[in-house]
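**Student:** Under the heading active site, proton donor, Swiss-Prot lists Glu279. Look at Swiss-Prot and you will find His300, Lys413 tagged as active site, backed by sequence analysis.
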Amino acid sequence: MIKLDIKDAKKFLKTNVFSLQDQVNELHDVIQNKSGLGNDFLGWLDLPLTYDKEELDRIYKLKEQHKNVDAIVVIGIGGSYLGAKAGYEFLKTPFKKQKPELIFAGHHLSANYLKHLLKYLNKKNYVINVISKSGTTTEPAVAFRLLKAHIENKYGVKEARKRIFATTDKARGSLYQLAINEGYERFVIEDNVGGRFSVLSAVGLLPFVFVGIDVEKMIKGAQDAYHDAQDPSLKKNKAYLYAVTRFLLNQSGKDVEYLINYEPRLAFFAEWWKQLFGESEGKGGKGLLVHSASFTTDLHSLGQQIQDGNRIIFETVLNVKKTDKLSIPFVEEDLDKLNYIAGKEISYVNEQAFLGTKEAHIDGGVPNIVITIDKMDAYHFGYLVYFFEIACAMSAYLLEVNPFDQPGVEAYKKNMFRLLGKK
């Protein structure tokens, strides 16, 4: 469960949030009946209930077969990478050596990164999970070509085939064909599930299982979020209330939304969130510009601009109620003048920083939406994923755009291919 507080956003709105209830009711029916724009990509809608249990069992068995590996290299970009990365960072213990280690590749074209990754893997016992619906997306295809050669040279072609798992289309595409030809273990990206909505499919579940994340709890969180989203009432449906509030803030002249966190482990969740909303809404000259910031760190860089810059910003704060306990010690000399908070929990100081910042930003004309979760665990990760997915669908439909395509992404690819001389 989560808490949603919009009281520090409502005062900036020109329209009462509840005045959109009839429109929300209509759009809720459009979503549930799968009759709106992009309706052939609504497979994620029921995924918490209809996920492939047999496929998940195969993932568990695969993990058991490779229980002694040092690392799993996940190759993917965009939705084929960000969800797994977000969950891994959300749930891992800082500085704890993870076995197997989760390594990502194919999410950029850095020769420096790939060269040193290959060198690093020379001494690692590893497996590969390549994720791509088509198999021809440039960044992961380049990385896979290099890593496929590396793992075959390291273990031999026959053994390498047992160590490469393909998450791809169920019936077509170059990666599908390669997986068939080579005999790789295959997992499915369904046609009706777009990449940024695929976290709760094999795209995210396979990496999560391999690093020991409790995916059953994650799915339970998503199921609860699903059930909480069945009633369209804005007095009950927090995801829709969030969608309406951000829509009306946009209508009131706020063009930029920052997702704010006070826990570093949430930084990559924000990266997933930015893709979710940026690709879903940013089309036809519409959509909020989505940014993220990690406080208090970014208060010493972006804080000035947020506090005193162009008044086109609002903040959605992702707040965590329970964190680790660690007290500030008393020091006799008190040269740093911190004894006034000696004995206090650092989490308490962090909370006061949050409250003080919120007050300052509101006074400075920056609306605040606050989403509070009890703690950072698999359940709450799953809940938040579905919460934001369904909120995103509602938000995009309020804008009258298709939430599930991304035509603008092709522009850079066409230019790059032309410059590279692709025929």
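In case you wondered, yes, glycine gets a Cβ from its N, Cα and C as well.
Explain the structural surroundings of these features, please.
**Tutor:** Spatially close to Glu279 (active site, proton donor) yet at least six residues away along the chain are Gly78, Arg196, Gln406, Val409, judged by Cβ distances under 8 angstroms.
Note: His300 (active site) has no non-local neighbours, i.e. no same-chain residues 6+ apart with C-beta under 8 A of its own C-beta. Under the DSSP three-state reduction, His300 (active site) is assigned to helix.
For Lys413 (active site), the same-chain residues that are 6 or more apart in sequence and have a Cβ closer than 8 Å to its Cβ are Thr138. Under the DSSP three-state reduction, Lys413 (active site) is assigned to helix.
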**Student:** In the three-state scheme derived from DSSP, which category covers Glu279 (active site, proton donor)?
**Tutor:** helix
